[in-house]
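Per Swiss-Prot, region 'LipB domain' is recorded for 1-222. Taken from Swiss-Prot, the feature domain 'BPL/LPL catalytic' covers 31-219, and the record attributes it to sequence analysis. Per Swiss-Prot, the feature substrate binding site maps to 76, 77, 78, 79, 80, 81, 82, 83, 149, 150, 151, 162, 163, 164; the stated evidence is similarity to another entry. Swiss-Prot lists 146 with the feature site 'Lowers pKa of active site Cys'. Among the features that Swiss-Prot reports, active site, acyl-thioester intermediate is placed at 180, with the record citing similarity to another entry. Annotation source Swiss-Prot lists domain 'Nudix hydrolase' at 224-356. For 261-282, the entry in Swiss-Prot reads motif 'Nudix box'.
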């Protein structure tokens, strides 16, 4: 029997999500791993499918910046859609067997997997033939509203991208766009339909089981990811703020970053951050938990090595004395725009943004 390995990742920056899809699809293509289902949430983001029209983004650049929403072009089907907190995004990365190699059937099966979950909460939903996605209300009805977007990509019967189910989503953000280019109908969420917020973990559990049922597969839960911390060391406030960047030694990549490190056995993220701060800079200063946890793939390994990282900030006096540890060969205090330009990973940039907000 086929198996589907389910990864429940929490928050994933969008560009990290694209990297995960690429790595898992390559791993599947090369026979290094089996089918996987990635379940996650993205920060506010607008994505453009292959059929997207730019005019379906109705918000100005200033409005997008205010909401912290970036725009990405993708190779999935469909028009423009929104991703954000409270929305469960699923990326099935399946190599379809010969008896399932039909694009329309695959889309119907994704829809059915979502519809079965909605039914568990008493929500009746279904497809509308002329529009993609999962809908509440009939075609042509004045109250027809989309509850889940579907946008997939298939290459040699290997699937990527997937679905976005509005669970506890802020529906006001859909006013930034014409969702999927459809002006005649609205959007909704499970929270709006039921009048209460739902535990995301319960919906994830139901989705994982539903996909395994629809795709005749046995469920396997992914092993826990490696756990790491990032620490933005900052001195000064506002426009005068300066961020400590350290350069990894050439044999460790040679790039600039904020402080990072792995959790050791028995450590909490805060304990690991305090230890890394002292080991890598000689500083012993109180930490601020940024309430920022996200997942990503470490490097380009196949199958991917998953990491879950917690972000912290440290505010130090102007005369703070930095003494580099063995992992780095240089450090600089730079302004925030320079730090954001130099940092190679979105998660590190987000740590700096939060630390200097």
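Keep in mind that glycine also has a Cβ here, set from the backbone N, Cα and C atoms.
The model shown is predicted, which means the values in this text are computed figures rather than measured ones.
With a threshold of 8 Å between CB atoms, the same-chain residues lying at least 6 positions outside the motif 'Nudix box' (261-282) that come near it are 226-229, 231, 233, 244, 246, 289, 310, 312, 314, 321-325, 327-328.
Straight-line distance linking the Cα atoms of residue 146 (site 'Lowers pKa of active site Cys') and residue 80 (substrate binding site), rounded to a whole number, equals 14 Å.
Here the recorded positions are 76, 146, and the one whose Cβ sees the fewest other Cβ atoms within 10 Å is 76. Across the range of the motif 'Nudix box' (261-282), the DSSP-based residue counts are 13 helix, 2 strand, 7 coil. Residue 149 (substrate binding site) counts 28 other C-beta atoms within 10 Å of its own C-beta, drawing on all protein chains shown. The binding-site residues in question are 82, 163, and the one with the fewest Cβ neighbours inside 10 Å is 163. In sequence order, 47, 49, 74, 76, 77, 78, 81, 132, 161, 162, 163, 164 are the residues of the chain that are 6 or more apart from residue 151 (substrate binding site) and have a CB within less than 8 Å of its CB.
Shown for the domain 'Nudix hydrolase' (224-356): DSSP residue counts in helix, strand and coil, namely 37 helix, 51 strand, 45 coil. DSSP gives residue 76 (substrate binding site) a coil state; it is part of no helix or strand. Of all Cα pairs drawn from 76, 77, 78, 79, 80, 81, 82, 83, 149, 150, 151, 162, 163, 164, which the record names as binding substrate, the longest spans 15 Å.
For the domain 'Nudix hydrolase' (224-356), the model's average pLDDT works out to 96.
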